[in-house]
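Step one of this worksheet: look at the structure below.
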Amino acid sequence: MEKVKELLSHYPKNYKQSAVIPLLDLAQQQQGGWLPVQAMNRVGRYHLLVCGTTPCMLRGSREIEDALLKHLNVARNEVTKDGLFSVGEVECMGSCVNAPMIVVADYSNGVEGYSYNYYEDLTTERVVELVEELRQGKKPKWGTQHPERINCGPAGGNTTLLTEPRAPACRDLDAC
């Protein structure tokens, strides 16, 4: 327990969950190199992880999480009665330009064939639609969910740098 306290002391009070990897590593070391199943929390076939860092929060990730929890009738880190879904929080996944986003850990093919898919530019309506598509066994299009955005470019296309940039003016008059 002293080692756990020491590991947790490296993380801010409100981000203790960030110590999960070092703590799991410690548990694995204590168990002779493997982690027993009872040491892990159960998750749904589709584990929905909502980004909880500042850019996503400013763009509505809390509302996204609330919509998921209400629609699925669960609390954070609980599994739905049918075992299909669980909702958690994740630290930044690097899609800040397309915030808010979630990542879906899809275990429908078992733990050996799982996938992680990013869903970006979400609205509360769209995230509920995603859940229902997953429930029906569909594979929703991952990436941006904004109909006018291509990858991480601006919605509606570029607004600047529409032509070839001009060469800089020569400032050294003796060199011209």
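Glycine is treated like the rest: Cβ placed from N, Cα and C.
What TrEMBL says about a protein is an automatic prediction, not a curated fact.
Model, not experiment: these values are computed from the prediction.
Positions annotated as [2Fe-2S] cluster binding site by TrEMBL: CYS51, CYS56, CYS92, CYS96.
For CYS92 ([2Fe-2S] cluster binding site), other Cβ atoms within 10 Å of its Cβ number 14. Of all the binding-site residues listed (CYS51, CYS56, CYS96), CYS96 has the fewest other CB atoms within 10 A of its CB. Surrounding the centroid of the Cβ atoms of CYS51, CYS56, CYS92, CYS96, where the record places [2Fe-2S] cluster, the chain contributes additional residues within 8 Å, namely GLY52, THR53, THR54, PRO55, SER61, GLU91, MET93, GLY94, SER95, ALA99, PRO100, MET101.
Reduced to three states, the DSSP call for CYS56 ([2Fe-2S] cluster binding site) is helix. Look at CYS51 ([2Fe-2S] cluster binding site): DSSP puts it in a strand.
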